[in-house]
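So that you can see what the record holds, here are the features copied from Swiss-Prot:
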- 10-45: domain 'EF-hand 1' (DOMAIN)
- ASP23, ASN25, ASP27, GLN29, GLU34: Ca(2+) 1 binding site (BINDING)
- 46-81: domain 'EF-hand 2' (DOMAIN)
- ASP59, ASP61, ASP63, LYS65, GLU70: Ca(2+) 2 binding site (BINDING)
- 85-120: domain 'EF-hand 3' (DOMAIN)
- 123-158: domain 'EF-hand 4' (DOMAIN)
- ASP136, ASP138, ASP140, CYS142, GLU147: Ca(2+) 3 binding site (BINDING)
Amino acid sequence: MVTKKEFLEELTNATNEAIKAADKNGDNQLSKKEVNDMYKKCKYPNPTLATNSLFELFDLDKDGKLSVNEVKTAVLVDYIIEAETCLKKFVDIIFKADSNKDNKITWDEARQYFITSGSNEAQAKVLANSMFEDVDSDDDKCITREELREYAIEYFEIYPTE
């Protein structure tokens, strides 16, 4: 599992490399022109709009340049948005098992979901047992969206640890 320190070191290194690649005047910051040129080089659709949007959101001190910290913030925000979108999709897919729509998955609902998804009865029981063993953190015989979300964060190592 990646630690926060390792994650931030990797983020800083990646940010420095990205800035270095686009920084034409060597000031360790990105101007609107440098960002716009980078988008054009990558054949990004509507580079001017993308550049203006990026600066509007992340040029925090409004000096017309993106610093290392501002770029790190942009990358981190993009990462969090993507991670949260993936988490929501994952939870929504699994919660198709919630047949009575009470925002809880029971063992029987999980078993039935696995059968509907192509497992035979024996496989479905094993999968439901495994799911409850891994995800039902409070042992109340139901899986909530929050339990599933927390499980996914840990299992898929979505966010760095301490």
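Any Cβ shown, glycine's included, is placed from N, Cα and C.
Measuring Cα to Cα from GLN29 (Ca(2+) 1 binding site), the binding-site residues that fall within 10 Å are LYS65, out of ASP59, ASP61, ASP63, LYS65, ASP140, CYS142. Within 10 Å of its Cβ, the residue among the binding-site residues ASP59, ASP138 with the fewest other Cβ atoms is ASP138.
The closest partner of ASP136 (Ca(2+) 3 binding site) among the binding-site residues, by CA position, is GLU70; the full candidate set was ASP23, ASP59, ASP61, GLU70.
With a cut-off of 8 Å between CB atoms and residues at least 6 apart in sequence, the same chain places SER67, GLU70 near ASP61 (Ca(2+) 2 binding site), listed in sequence order.
According to DSSP, ASP63 (Ca(2+) 2 binding site) is assigned to coil rather than to any helix or strand. When the alpha carbons of ASP63 (Ca(2+) 2 binding site) and CYS142 (Ca(2+) 3 binding site) are compared, the span between them is 52 angstrom.
Proximity of GLU147 (Ca(2+) 3 binding site) to non-local residues of its own chain (separation of 6 or more, Cβ distance below 8 Å) is seen for VAL135, ASP136, SER137, ASP138, given in sequence order. Ranking the binding-site residues ASP136, ASP140 by other CB atoms within 10 A of the CB puts ASP140 at the bottom. Other Cβ atoms within 10 Å of the Cβ of CYS142 (Ca(2+) 3 binding site) number 17 in total over all chains. The binding-site residues under consideration are GLU34, ASP63, GLU70. Their Cβ neighbour counts within 10 Å are lowest for ASP63. Listed in chain order, the extra residues whose Cβ falls within 8 Å of the Cβ center of the Ca(2+) 2 site residues ASP59, ASP61, ASP63, LYS65, GLU70 are GLN29, PHE55, PHE58, LEU60, LYS62, GLY64, LEU66, SER67. The Cα of GLU34 (Ca(2+) 1 binding site) lies closest to that of LYS65, out of the binding-site residues ASP59, LYS65, ASP140, CYS142.
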